[in-house]
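One structure below.
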Amino acid sequence: MKNINPSQTAAWQALQQHFEQMKDVQISDLFAQDKERFSKFSATFNDQMLVDYSKNRISAETLEKLQALAKETDLQSAIKSMFAGEKINRTEDRAVLHVALRNRSNTPIIVDGKDVMPEVNAVLAKMKQFCDRVIGGDWKGYTGKAITDVVNIGIGGSDLGPYMATEALRPYKNHLNMHFVSNVDGTHIAETLQPLNPETTLFLVASKTFTTQETMTNAHSARDWFLSTAGDQKHVAKHFAALSTNGKAVGGFGIDTANMFEFWDWVGGRYSLWSAIGLSIALSLGFDNFEQLLSGAHAMDQHFAQTPAEKNLPVLLALIGIWYNNFFGAETEAILPYDQYMHRFAAYFQQGNMESNGKYVDRNGNPVDYQTGPIIWGEPGTNGQHAFYQLIHQGTKLVPCDFIAPAISHNPLSDHHAKLLSNFFAQTEALAFGKSLEVVEAEFAAQGKTPEEVKHVAPFKVFEGNRPTNSILLREITPFSLGSLIALYEHKIFTQGAILNIFTFDQWGVELGKQLANRILPELAGDEAVSSHDSSTNALINRFKEWR
């Protein structure tokens with residue numbers, strides 16, 4: 001990967017000049033000027049996913065200039081470097097190969113002179129065997145009963161991805177009940193365990209190092225809960241499995257290392273649901289469906305690696321995002337899935353994007369002079385319409401939005417899905433085209449009201465429009481199509497990081513708080529006042545000690 005400051009490129013200067021021409025252009029005018037706009041600014045992937053980016057404040061010239069930026073920052077070589085297993089995560093000296101985990105074509109991928117695919121396939125085979133035994137009831141607990149409940153204990157990438165995917169694909173779930181515990185707040189594990197039976201519960205402890213504070217605190221509490229009924233330490237082996245690389249610590253915990261599922265340092269946490277970290281997904285859906293999830297992602301990987309930038313969906317979405325973030329000053333992006341099963345999708349990519357591209361230092365080690373990652377947020381529709389859409393429609397912040405919906409519902413109750421999708425279509429139309437004062441006044445006139453009667457209220461009913469959106473319409477949310485959708489967003493994030501000259505695959509920003517927490521923890525043990533911090537932190541700790 002080349003370390004090129006994007007703001008110093010000729011393409012960036014051209015985009016700044018172009019922005020002056022585009023900043024007041026109306027989306028409605030762009031549609032009026034070109035009856036073929038939709039067909040020119042949309043694409044269908046694999047007959048499964050329609051991506052419509054026509055309702056954006058872009059022209060063909062905008063895209064040409066954005067593509068020139070991708071070319072001048074040598075995006076293509078960055079993509080090749082990732083797929084080739086080069087150590088593009090330079091601050092940790094690691095390759096970045098979540099694409100290897102779902103490499104269904106099994107072509108060799110070399111890291112340090114060694115093909116990683118045999119090991120990837122071996123872990124997948126081990127996962128399949130384990131899943132078949134647990135789902136089929138052959139795996140028995142310490143009293144000889146089959147497993148009914150699975151508790152995944154992890155945090156961050158070891159929790160968000162598996163939880164998102166098992167929820168999104170809930171229509172495919174089998175008889176196993178899945179539970180996810182992440183927060184070190186004791187309430188999370190206590191409430192999760194309260195209705196469960198230790199005789200039929202299986203715990204998955206997901207921690208690469210087996211030292212993550214939150215995960216190991218919860219794992220020890222889960223083990224204590226289990227042993228309070230089971231009694232004998234040897235029974236732990238039948239009720240706990242590990243997703244880890246630390247065999248010594250796993251064995252010391254009481255887990256049989258035969259039930260330890262490994263992954264590698266070239267798998268980043270927030271890109272790890274495709275690895276052994278996805279064991280909870282495979283247990284919930286069955287291994288065949290987990291393989292379909294991998295296959296859907298692999299299909300998008302091939303599209304990303306092989307399609308010219310002009311028609312490459314992750315690249316196009318990434319460039320449009322850079323356009324808003326750096327030239328329009330949009331600080332946030334909303335992800336709005338019109339599907340209740342997808343209720344954790346925005347949270348998942350909140351981590352995926354903000355932990356990846358929330359960086360202020362470039363790949364040369366210098367502070368950047370441009371915007372990097374946006375703030376990501378969102379909720380399912382139509383709930384969001386009754387919460388925060390007011391600001392998106394009529395507020396002073398520009399919030400580009402991704403609207404996501406399936407054409408086919410897993411729950412075709414009455415006319416529910418038609419009503420849901422009518423809102424999905426209506427919102428992007430309303431955001432793009434708005435409603436003028438003339439239309440508002442005409443509507444009032446049609447109701448028989450005089451201009452004097454409506455003068456005081458008409459301005460408040462005006463919608464300026466010109467709010468940009470992407471629409472992603474899936475045929476149906478299946479393991480395959482969800483895999484493709486997740487990979488689309490992953491590669492969008494990679495593309496933005498590559499162009500913006502930052503390291504997307506480290507996360508040093510989480511370290512300082514952890515270090516300070518480790519220092520503060522022993523200070524909370526006694527009752528004596530603390531004075532080793534600033535006045536605010538001292539006062540907060542001391543008030544906590546008074547009140548606890």
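Sequential numbering from 1, following the chain as shown.
Each residue, glycine too, has its Cβ placed from N, Cα and C.
What Swiss-Prot records for Glu355 is active site, proton donor, and it gives sequence analysis as the kind of evidence. Annotation source Swiss-Prot lists active site at His386, Lys514, citing sequence analysis.
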**OP:** Out of His386, Lys514, give me whichever of these active-site residues has the highest number of other Cβ atoms within 10 Å.
**Re:** Lys514
**OP:** Run through the Cβ atoms and count how many others sit within 10 Å of the one on Glu355 (active site, proton donor).
**Re:** 22
Original post:
If you measure Glu355 (active site, proton donor) to Lys514 (active site) at Cα, how many Å is it?
Top reply: 15
Subject >> Lys514 (active site) versus His386 (active site) - Cα distance in angstrom >> reply: 37
